[in-house]
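Going by Swiss-Prot, these are the annotated features:
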BINDING   Gly18, Gly19, Gly20, Val21, Asn22, Gly105, Thr106, Gly107, Glu136, Arg140, Asp184  GTP binding site
Amino acid sequence: MAPPHNYLAVIKVVGIGGGGVNAVNRMIEQGLKGVEFIAINTDAQALLMSDADVKLDVGRDSTRGLGAGADPEVGRXAAEDAKDDIEELLRGADMVFVTAGEGGGTGTGGAPVVASIARKLGALTVGVVTRPFSFEGKRRSNQAENGIQALRESCDTLIVIPNDRLLQMGDAAVSLMDAFRSADEVLLNGVXGITDLITTPGLINVDFADVKGVMSGAGTALMGIGSARGDGRALKAAEIAINSPLLEASMEGAQGVLLSVAGGSDLGLFEINEAASLVQDAAHPEANIIFGTVIDDSLGDEVRVTVIAAGFDSAGPSRKPVVSPSAAQTQPIASARAGKVTTSLFEPTDAVSVPAHTNGATVSVGGDGDGGIADDVVDVPPLMRR
């Protein structure tokens, strides 16, 4: 009799373009486990700096390894020319994340090609991308909108993280490096928030089939992560997650929700119920809510809540207007070294300091600035730490 096999979901994360490759590097630095990393770029020099498991240099004949020049058509053609290589790299994956910074050339044009290949191979395909800062120019913003639409049609689920929201979370002294690093942090959290649900065993477990049930063919999705300590910590963490200023829209009306609550061994049934009830109230009355808990004593008295909301109607999630940085009352981005962005943006909040729950988050949309930044390196995607 053959010994039992240990079947695990095969998850691959593909970073394409300058922003996508930077995002992958950040995930590797933060120790994201249980996934295989693939970096794809037309910029051969930038690709050399990647720490990914696999690197693919595309468009060598058309770009000579010098990048796409912020032209999505060049990026699309480069990815299509390498279709066979990309297909070989993605074969066997159960789930594929495609991450990129929208608005440039390689990521904007190539991400839909990668997503289409992954979906054709039968993998659950999730896009996690950033919308550019307004100061990056109107041309880049328009290219990003077109790229986001193309990617939405090519993958099962798409999470869009608007960089302009980071300005509302920062102070006037925030550096350019800090701003882009914090964007990478958000991308990291988008990928880690989903993979952790699958790869981390829980007391109430969420497996790959649960995730696939919510995200397969779901279209636009929203992701929020919150953490808190002290009295009412689980409820406050849930409030932070569903009202995150980094969400592009309100989760109201979501038909499918993935909810994970992580905490120490003292995590109580009553506080779990409070957090789950709050999320349930924010979603559609008939929503399919997949719930899981993880006991992790290394969290101490911190409770961490991850919410992925998907399955909106044809109109999609309701967008909200951008709030000016001066009007936003949120936690500041560290203005010193970029490494401090993680702690300032995603540090657990003392429960007593969290504002009362409100309906939905405000969204940030790409901007209308006049200037143009044509360098692919600028589309640095956001990542998050656990």
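Cβ atoms here come from the backbone N, Cα and C positions, even for glycine.
Note that the coordinates shown come from a computational prediction; the quantities given were computed from them, not determined experimentally.
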Binding-site residues compared (Glu136, Asp184) - highest count of Cβ atoms within 10 Å: Asp184
Fewest other C-beta atoms within 10 angstroms, as judged across Gly18, Gly20, which are the binding-site residues: Gly18
Extent of the GTP binding site in Å [max Cα distance among Gly18, Gly19, Gly20, Val21, Asn22, Gly105, Thr106, Gly107, Glu136, Arg140, Asp184]: 19
Number of Cβ atoms other than its own within 10 Å, given for Asn22 (GTP binding site): 29
Cβ neighbour count within 10 Å of Thr106 (GTP binding site): 36
